[in-house]
Amino acid sequence: GLVKNYSGAIAARVFLGVAEAGFFPAAVFISSVWYPRKQVQWRIAIFYCMGSLSGSFTGLIAYGVAHMDGRAGLAAWRWIFILEGLITVAFAPLIIWILPSPSDSKWLSDDEKELLSSICSSGGVSPHVAFRKESLYAAFKDVKVWMVGMMGVGTVLPLYGGHLWRVPSTVIVDQGKRAMSSALELTMANISAAIGTNIFLGREAPNYPTGFGISLFTVGLGIVLAGLLWWMLARENERRDKLDKAAVARLSPAEIEEMGDSAPTFRYIL
């Protein structure tokens, strides 16, 4: 809101990108600390919808801010960034109080902390995970991660083209692999955002065949991949249901934890 030239705008955007890069992966991780595995998906879905719903109010906000044109010698478009930034800064400190892990929370009783910890642990969630190269390799080798990433491309590219924002979903897995998977999927989706903001060429107005053609293709690809992924996971769940129960019972808890989403006791939530 206060930049004076194009270089200043680029510098501000770079620093904003650095600051926001870990936001969504952290939100997914923190959600898994507070909720058991079967409830995380619903919370993340609400998170997505709120991000998209916020776009519904941009026109109204822009109309209101337009009346501030010239205030303090600043154009109306600058006030949009300044006011949004002030709101963000005002609410950001609340995160320190609201979003620590249940065991570190200041506003939960000891009984509530114990209950939350037991619920999350029963759902297979472990909040303390060290970085392991194996988790990174597992994420890169899992075709499902790449499929979800491409589904994210199908969502983010056309939405960025239309000046909206969403992010892809992520398979639910062991925490180390999940963290790496989220980063990989978001990288794919955000790269597509750079494409999405440049496919609506001014010389093709008003029909924009290139922009809408690419957008329709990626949306269609996302729909196809979503259906294919659902079928793959349902078939895998069914295969694991038919495994020898005696052989599964011989596995130790440590072996099962090491196997992550490949463990015979793991089921994908559909």
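Every residue, even glycine, has its Cβ placed from backbone N, Cα and C.
TrEMBL lists 1-270 with the feature domain 'Major facilitator superfamily (MFS) profile'. The average pLDDT the prediction assigns to the domain 'Major facilitator superfamily (MFS) profile' (1-270) is 76.
Positions annotated as transmembrane segment by TrEMBL: 12-35 (among others).
The annotation transmembrane segment is assigned in TrEMBL to 41-65 (among others).
Annotation source TrEMBL lists transmembrane segment at 77-99 (among others).
The annotation transmembrane segment is assigned in TrEMBL to 145-162 (among others).
Annotation comment: TrEMBL describes 183-201 (among others) as transmembrane segment.
The transmembrane segment annotation in TrEMBL covers 213-233 (among others).
Residues of the same chain lying 6 or more positions beyond the ends of the transmembrane segment (77-99) and with a Cβ under 8 Å from any Cβ of it are 1-2, 30, 61-62, 65, 68-69, 71, 106-107.
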